Amino acid sequence: MAHVEVLARLQKETKCPICLDDLTDPVTVECGHNFCRSCIKDFWAGQQATSSCPVCRHQCQHRNLRSNAQLGNMIETAQLLQGMENKRHESSTSCERHNQALTLFCEDDLQLLCDQCVEPESHGRHQVLSITEAASLHRKHLQDYSKLLKWEVKEIQGLMSALNKRTVTLREQAEAQRSQLTSECEKLMRFLDQEERAAFSRLEDEEMRLEKRLLDNIAALEHHGSSLRDLLRHLMLTGELSEAKMLSTVKDFYLNCRRQLISPSIFPVQLRRVEYSFPLQYSALQKVIQHFTDNVTLDLKTAHPNLLISKDRTCVTFTKKRQRIPGSSSFTKSPVVLGIPHFNSGRHFWEVQVGKKPKWAIGICKADSSIGERQSPNPWGYWRIVWQGDSFNVSGADPDSRLKAARATSIGVFLDYELGEVSFYGMPEKCHLYTFRDTFSGPVCPYFYIGPQSEPLRLCSATDSEC
């Protein structure tokens, strides 16, 4: 039986790993494996960017197919040997028990039989067919199995092809993320560099301001000390005068002494901490936008009569024609409108498109701040930043001051009610502009000063922020 095993090994080598049939027009790929020419071409047709071997997964750089004529000859030889083996097997097949030709086949036991094997105690009630009928039937069964297995192999090959494509897609996505990460890191480094320079500039300005104040204090003290020394010399000279002469001058001396003993005003000198924003807020802002964005809209009842509000109450424009406002407008002096909802707890984010408006103010105010607006607005009820001309200003609960920041076309506002903070960001760069720190004692609401220009101011919805 050794020659049978050798023939089986030879036949295995002549099968195509893709279709599992004898190799047709065999070709060899660069890793050394062999396939039918049509099979490997069909397999590679599903791979756009790569060409991998279905057996070893080797990435073939070039789709070079080398015809293998020698292997084709071996296949023909193996087929001839198999035919000879089949004839020899048919001629030599006999029943080992009865030494008769095996001419029958038991369908129940799937066993070859001779005429004497068909006995009641063993196969009497079984379905027994002639070897020709059984062979014909089982060839059909085997063909069905062959179709099923080939279909399964094709499915596996398709899945492998899809996974190969997924591998390519994965690499492309990873490369895209690497590029995006590089870009984001470069932006972050530029942001940090700009923030560092701006912080150092603010620190230098503060240092120079305090140095000037110190020099002013020193000059005032020097002048005061000089005056005191002059007074002391005058005192010593007065003491040397005659009694009558001395007494005639003491009145002027006492008056002069009282004036000179008043110490000059010394201005306090304390270096304040320079405001800056570094990666913590920068990286966390996207999560803030995702989790805390509110759909803020404009409260029509609070709008100045010269403000035109859109139907969806997200856009406001200054117009010279006064509008009919239901009820009594809260703001009659300034082109202001408030937003809804009001907030008395929680964290909230909203974004406002300001475009290139030359003047505007955005922030929050106490929900009842507008009640006294007709008389005199209370600056302590507001927390807002103002753009005017070419710079930002802080206006409200903190002392008014100018911010060194580039112009932004959109402003993000983040309110943390319990923490007592309202922060402003230049969008879409997510550049921190300013943070108010205070204690809120009642409801607050969004505040919008439009300015007397025709350019609109627009609120972004929660779905399109950043807008």
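Using the three backbone atoms N, Cα and C, a Cβ is placed for every residue, glycine included.
Database features, via Swiss-Prot:
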type    : residues             : note
BINDING : C95, H98, C117, H123 : Zn(2+) binding site
COILED  : 168-222              : coiled coil
DOMAIN  : 276-466              : domain 'B30.2/SPRY'
ZN_FING : 16-57                : zinc finger
ZN_FING : 90-131               : zinc finger
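Note: C95 (Zn(2+) binding site) has non-local neighbours A101, L102, L112, L113, C114, Q116, C117, i.e. same-chain residues 6+ apart with C-beta under 8 A of its own C-beta. Under a cutoff of 8 A between CB atoms, and with a sequence separation of 6+ in the same chain, the neighbours of H98 (Zn(2+) binding site) are C114, Q116, C117. Residue counts for the zinc finger (16-57) under DSSP (helix as H, G, I; strand as E, B; rest coil) come to 9 helix, 8 strand, 25 coil.
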